[in-house]
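Undergrad: There's a structure below that I have some questions on.
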Amino acid sequence: MSSLARPAVITIDPRSADVTDCVVQVTSPSGAHVPVKLSGELPNKLTAEFQPLEVGPHTINVIMDGESVGGSPFTCNIYDVTKVQVISLDHTKVNRPVTFTVDASQAGEGTLELVVTTAKASVRAEVAARSRGLYDVTFTPHEPIPHFVNITFNEEDVLGSPFKCDVRELEPREVRHLQRKESQMVTAKGDGLKQVVTGSTASFTVDTKGLDGELDIRVTGPDGGQVPARLVKLRSGLHRAEYRADQVGSYSVAVLHQGTPINGTPYTVEAADPRRVNLQPAGECFSAQECALKVDASGAGRGTLSVGVRAAGQDVKHSIRDLGGGLYKVLFYPRAPIPHKVDIRYNGVPVQGGPFEVGVRNPATGHSVTATGIGLHQARVNKPTSFVIETLGQPSKEFDVLITGPQDWAVPVKCYQQKDGNLLAEYTPHIPGTYKIEVMCSTKHVKGSPFQCTAYDASKVMLGHSKLVTAVGEPCLFKLDKSEAGIADLEVHIVAPSGVVMPLEVKSGPAGEAVEWVPDAPGQYRVTFLYGGEEVPGSPLTVEVGESGLASVKGSGLDGGAVDTPLTFTIDGRGLLGEPHVTVDGPDSVARVNVRKQDEGLYQVTYVPHEVGIFDVRVQWNKRDVAGSPFHPKIVDPARVRLIGGWSSLQDADGRLELTPREEKRLAFDVSEAGPGRLKGEVMHEGRQVEIGMDQNGSRARLLFTPPGEGSYELRLWYADLPLPDMPVLGWAEPVSTGDHTRVTLQGHGLNTARCGDQSEFIIDGSAAGPGAPDVTMSGTKTDISVSLTHQGGGLWRAVYTPIVPGAYLLNVMWSDRQVRGCPLKVNVESAADASRVVCSGEGLRHGMVGNEIKSFIDTRRAGPGELTVTCTGPQKVALCDLDEHGDGTFTLNIRPQEPGRHALSVKYEGEHVPGSPFTLKVAGAPDPSKVRVYGPGIEHGVLASYQSRFICDTRGAGAGQLTVRIRGPKGAFRVEMQRESQKDRTILCKYDPTEPGDYRMEVKWSGEHVPGSPFIVMIFDTQDELNRYMAGGYSPSGPGGAPSDYYGSIGYGTYGAVSFGQMSWRGSQAQL
C-alpha cells in the first residue's frame, strides 16, 4: 500500500542466489505501464521505485533471470487522502445530535479512523455505512464548548482535520421540548402493566433507547396509597421495574424519564386474587350428558377466567357462561365415565386447589350390561390395568373380552369373578398407542363396546432445557418431545425455595411442547415434569437462580477436567459495575487462579488443578456469589486407571490383546486413584461396534465383551469422558479349530440337583474332543442362572453356579457351538429353607381377646436360613403382628387384634406356608361385666330348713372373661358348686347349700370386676318368725347387734369357684372368624 502523493518503493533481496538479471514491471488499474527506476547491483539488494498516477490496485511483476519470483505478481493499493471529503458538518446546540457525511469512495482502499473530542474528553460517535466508502457519522454534544472531529485515512490526516463544530447552550424552551421528545422515545412493556396477581411480584421492562437521565416509577394502589417500586438495570441496558400488589383492584403505574411521563403513561393495571375463586359442583355428572360446574370469582377482582377440561389425556369440549357479578357456569360434555380434570385459571394463574377432579358416572350402571373403569380409556405401558364388567347376574361364561393392540396384536386378558357377581378384566399394554377393547355378552357387544384405550409411556418423553443456571428476570426454556410416548396429561410443577409449589403452563407447538418460566426471586428451584402422573426421565431438574444484575458464568472448567491441565471458564459482567473475585479449592490444596480481562466486563478464568477430587470454584461479583456459585467440578486423572494384572499379561508377543472368537473377555480395572468418574469403553471390529458390558462398583470397574469372530480389534477407554493414554489398545482373535463335541463328557453333582444359596459345580471334560471351548447356559421359567467357567488346563473346564430361585432349570452345554451329547439336562433347584421344619406352638395360635396381646412361639432352627413372614387378617381389619427374635432362630409372635371375630393367621418361611398355616385364630371381644345378670333364690333372704341356694349367672353378651364367685359365711357351713350344660353354654348354675343360719356375702366378678348387684348380702334364719322380724327391721341371724363374720375366701372359711371363658366361643357372642 502506498500514497499517490509520493513514489512507491520496493526492495528486492536475492538472498545470495546466483542471478544476473532483474526486471520489475508495474501495471496501473487502467492497464498502463508505469516507469520503474531500479537502483543497486546484484547479487546485493535492489531498490525499485515508481510514481503512481492513478488510485487503485497496481500489479508488480518481479522477474529474475527470465522467471517470476515466488508470489509474483504482487498487488500494491494506491490511495489518495486528498480525495476524502467531510460534508454537512454544521454548528449545533447542547444535546442536539449532529450528523455529517464522510465520503472516501474516491480515495482508494484503506482504513478510515474518526475521533470526536473536546478540550476535556472524547465524545462517543456512531458510524453507519451508506455504501462502499460513504459513511454517516452522528454524535451528541453535552457541553457548550467547541467539539473537534479528527479524521485520518491510512494513518494520514484528512485535509482540514481536525474539523471544528461550535456548540451553544439550549434555550429553556428548547430544553423542555428536547426532554419531552426524549421521554417519548422511552418505552415500557410487560405483564406488570396489564394484569397482575395479588401476593406476587409484578414486573415490566423499560427501554430508554440509550438516553441518559433519571428514570422514576410511581405505583398508586386501589386505596390511593403509594406502592414501593424497585428498579434494576440489566446487562442488556434495559431496566426492570418490580412492585408487589397486595390488594385486589386497579393500580396506576406511571413511568417518568427526567421527570417527564413517557408515552402511554399512566398505565391502569388490574390486580386479581385467584385464591378467591371457588368451584361449586352443580350435581352428579354422567357420561354423554351435559355436566355443569359453578365458578365464583366475585371476590377475586377483575380478570379473565379460562378453563381446560381433560380426560385420559384428551381435551373435552366445554364452554363458559358469564352469569354476571363474577359468577360463571362451566359446561362440559364427558364422553367416558372416568374422572375428568378441570383446570381453572384466573388471569392465567391456576386457582387454589386446582386442577380439580370431577367424577363422572356411567348412566347405564345398574340398568344395562356394560363395562366401566379407567382401564377402558387410558393405561400405562408395562403396568397392569383393569376394568369391571357389570354382569347384572348373568353367568360369566356368557362374556368374552377381546383386546387388540396398535399393530393389530392380540393382547392377553384375564377375567376374575368378583364377590358381587361382576367380572374384573385385567391386561397389560406393552407399547404406546391406541387399543381396541371389545366386551361381548352372548356374542353381542355390551353397551359402549368397542372401547378405545390410549396407552402411554412416560419413559419415552424426551426432556431438554436451555440452561440450569440463570438470574432473576431471565427466562428459562424447557422443551419436551412426547411424540413417541402416547397420549396423557403433561403437568409441570416448580417448587420455590420457600417450598411453595406452583404449576407452570405448557404450550404446544409444531416442534413439541415448551415451558417458559421467568424466575422472580433468587434461590434453588426444583422443576418436576409429570406425564400421566408419572415423572419423565430427567425429572426433576434443579435450577440455580441468582440475583439480577450479577454476572453470568459458563465454560467447561466449571464441570471438570483432567489433573495438571489448564481449565477455563468465562465471566460475563458486561454492562455491570464492579469486578469478579474467584477462588478454587481442592480437597487438600488451593489452585492458582489467573483472571484475564478480555473486554470491558468480560473475563477469562484459568486454573490448573494438581490433585483429583471434587473442587469448589467460588465466583463472586461485587462480593456476592453469582448464580450457581460455588461450582463443583470433578477433577480426574485417566492415567491412574489401572488394569488389574497389567496389560502385558494379556498381550501376545506383538503387544496385542489376546482374544478368542465367541469366548467372553473380561477386563477388571482399579479406578480408586483416578478421581470421581465413570469408565466407558468401545470395541471395534471390522468397522463395526461390538456390544460390551460395563459395570462399575466403587473403586472397581469391569469391561466384558465377546469377540464375534477372528481378526483384529480396537479397544478404546474413557474415564469421565476423557481418553485414557495409549489408546487404542489393539487386539487379535486367532482362528479356532473345531474339535469333536461328541467326545465331551460331563460329571458332577451340579448336573442333577442344587440348593438355593449354595454353590454347585460340575466338570466339562473336553480332553478327548480336540480344540474348542465350552459355552454353558442355565434357563428357568422364572429366571436364568449365570454359570462361571474356569479353564483347568488339558481340556478340563470347571463350571460353577449359585442358584437363588428354586425350581426346574434346563442346563445346556455347547462345545465350539455344537451341543454336547445328553444336553439339555434338567436340574432341580431346591429352596434353601425348608418351611416344613418350622414349629409353631402356643395358645396364641388358636384363640385370644381384643385388647390383650396374643402370644405364640415359632422355632425355625431346623428349617435352615430363610425369611419368616407373618400376617393376621380379621373380618374387616388387619391385626398388628410383632416378631421378637431371640437370636437363636426362635421367635415370639405377638398379635394385637383390632376387632373380634375369626382371624386368618398366615405364617410363611421363605414364601412357603409352615405346617398348620394358615391358622384359624378365634378372637373374642373385650369383657363387659355390665352385661352379666345374676338371678335366682340363692341371692334372696330365707329360712334354713327350706332354703334353695341356687342362682344363675348369665354371661351372654359379656364377651370373653373369667367368672369368679366368692361366698363368705359361717365357717364350714356351705360348699360352692358351679356347673353348666356344655363348654359353649354361657349360663352357669351356682349353689352353696348352707348348713347354718347366718350372714352370707356373695361376690360375683367377671374378669376381676363386680357384676351389677355384686356383692349380694343374704340373711338365712332358723325360723320364719326370725325372717319376718328381720324384714321388719332390727334383727340379725347372728343375733342382735352381731358382728359379721371375719371369714372370707376359701381356706377353711369359705369356698371359691371359678369358670374361665377366655379361650372359646358361644352362641350369642360377637361374630368372629
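Any Cβ shown, glycine's included, is placed from N, Cα and C.
Automated prediction, rather than curation, is the source of TrEMBL annotations.
From TrEMBL, for reference:
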REPEAT    1-78  repeat 'Filamin'
REPEAT    88-167  repeat 'Filamin'
REPEAT    178-271  repeat 'Filamin'
REPEAT    278-360  repeat 'Filamin'
REPEAT    361-455  repeat 'Filamin'
REPEAT    453-545  repeat 'Filamin'
REPEAT    543-635  repeat 'Filamin'
REPEAT    633-733  repeat 'Filamin'
REPEAT    736-829  repeat 'Filamin'
REPEAT    830-923  repeat 'Filamin'
REPEAT    924-1020  repeat 'Filamin'
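Could you tell me the structural context for the features on the list?
TA: The predicted model assigns the repeat 'Filamin' (178-271) a mean pLDDT of 81.
Counting residues per DSSP class in helix, strand and coil order gives 3 helix, 50 strand, 40 coil for the repeat 'Filamin' (543-635).
When the repeat 'Filamin' (736-829) is classified with DSSP, helix, strand and coil residues number 6 helix, 49 strand, 39 coil.
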Undergrad: DSSP helix, strand and coil counts for the repeat 'Filamin' (178-271)?
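TA: Computed counts for the repeat 'Filamin' (178-271) are 11 helix, 48 strand, 35 coil.
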Undergrad: Could you name the stretch, out of 1-78, 88-167, 278-360, 736-829, 924-1020, with the greatest number of CB pairs under 8 A to the repeat 'Filamin' (178-271)?
TA: 278-360
Undergrad: Do the repeat 'Filamin' (88-167) and the repeat 'Filamin' (278-360) share at least 3 Cβ pairs under 8 Å, sequence separation 6 or more?
TA: no
